[in-house]
Amino acid sequence: MQHSIRSDLLPPETSSRFHLLPQTKHTNNNTKSRLLVDNPFKKTTKLPDFPPLLTSPATSPPDPVKLKPTHHHLNPLQKLAASMLDKIESSLVFPMEQNHPLPKPTDPSIQLSGNFAPVNECPVQNGLEVVGQIPPCLRGVYVRNGANPMFPPLGGHHLFDGDGMIHAVSIGSDNRVSYSCRYTKTNRLVQEAELGRSVFPKPIGELHGHSGLARLALFAARAELGLVDATCGMGVANAGVVYFNGRLLAMSEDDLPYHVKINGHGDLETIGRFRFDGQIDCPVIAHPKVDPTTGDLHTLSYNVLKKPHLKYLKFDTCGKKTRDVDITLEQPTMIHDFAITKNFVVIPDQQMVFKLSEMIWGGSPVIYDREKMSRFGVLSKQDPAGSNINWVDVPDCFCFHLWNAWEEITEDGDLVIVVIGSCMNPPDTIFSESGEPTRIELTEIRLDLRTKESNRKVIVTGMNLEAGQVNQNFLGRKTRFVYLAIADPWPRCSGIAKVDLENGTVIEFKYGPGRFGGEPYFVSEGEDEDEGYVMGFLRDEERDESEFVVVDASDMKQVAAVRLPERVPYGFHGTFVSENQLKEQI
């Protein structure tokens, strides 16, 4: 599909400042129809083709952007106010954004190039070509979340800012496989689809300096006038997915989860924003943990604006909230992931923090605080108030993801918490342009709860390892193996590494020249820890083809590959919903 330019969103002279995204290859003529999204009133909204992206700031002040009014069902006063705000945005805010050079992490020409570029929705495509044999234990649906912006950024854009899109591979008997992808219809996406353009502020890509403050002020004014509704959430639901208590939940840490149903044909339907039956009204992070022994779901919620800044939540197998514990932090910390053991919750309080005042001085509200001491909090799952949380300092440690944790007793009888994570250096690699090479080292961190001392040991050197899984049946218990993406050349992933945590040996499954993937997901087949299969999407950039691959976890050899009818962009996290779980969906 060639992306067309929308003249109503672009300045008159665009040839020197804009470029087209790469063309999307279609192997099935039935999938060339434009995207349709339903709004809450069950009307159909036709979405535009994706326009080109801003590539670099103009060398001279740009011409004002002309915004075509798209406000419907407004009274005359609201229409007048909407037009005035649009004029302020086009004549003041856009020039502010376009006159500043963008660092690589927020430059849309980089962040949305190649196979990071967005795609249209794809209805269910059946009868896909399978090479090899898919094991019977994999009957069900593999789903993977990712960021896929519906509308083009007119300023900065970070990879984490895109709208949530779930890609689903449904596996039946006799190698029957289908594929589909759908947007998660969040509150912000439905409203922007109705308006025909991006309106909600992008937290990481746009909220920098004075232009970021102006964006916030514009949005607040539109909300106050009733032009947009922020009361039902502003999140994108683009990062994690988890199946719990009959529901597939899509989430990012800026909102409540969204309930998405997989129907009998392998298609995806957004049911709506999920408040755990009215028990919570706060965002939850993208990596909840389901305890394999008890079936309880554990998660965290952080608040950037108000103390105590952090909350621990637990839900039993019926979805009833059994813990709601406030945890006081001195400053709001970005907490993307955490860990559980048999008896404890392990919470990282690290050096990536939110400091909104930095915007006044022209900076980003997400900063690397070099003066802060990184630490891990160990909280008993049974602690009703959080007063007995144990904090252990772990200097200069930043783990974006934690793969597992468990409890050990030393020879002296001390309780030690062992944490396995990928330590990232520089810590702000994902958010800023430091110029230093990125190192992501698989690391063992030991926390002595009696002495309050810690030590770290790198398990694998010379290899960037990020995004992956342990056998989820062993979550919170001592594990020997972890399956991780080989994040090289960063930020692309060239293969999968099976790491033996006992001796540090690595068995690699390499995709091959010009082929890159993402997070591998492990599905257990038997009682042994490495008895099962690892799966995920990959992209052959030379042949312009996407595949779904299945690898035997025991020997790391491919057993099956599925040719996909559409391009699948690189994304974030996935899960597997079994055949039995599909039948239990609410």
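Here the Cβ of each residue, glycine as well, is placed from N, Cα and C on the backbone.
Now, the feature entries from TrEMBL:
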- 22-63: region 'Disordered' (REGION)
- 24-33: compositional bias 'Polar residues' (COMPBIAS)
- His287, His336, His401, His573: Fe cation binding site (BINDING)
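Neighbour count (other Cβ atoms within 10 Å of the Cβ, all protein chains): 21 for His401 (Fe cation binding site). Here the Cβ of His336 (Fe cation binding site) has 22 other Cβ atoms within 10 Å, regardless of which shown protein chain they belong to.
In this view, His287 (Fe cation binding site) is surrounded by 20 other Cβ atoms within 10 Å of its Cβ, with every protein chain counted.
Other than the site residues His287, His336, His401, His573, same-chain residues with C-beta atoms no more than 8 angstroms from the centre of those residues' C-beta atoms, the Fe cation site, are Ala239, Gly240, Ile285, Ala286, Asp337, Phe400, Phe572.
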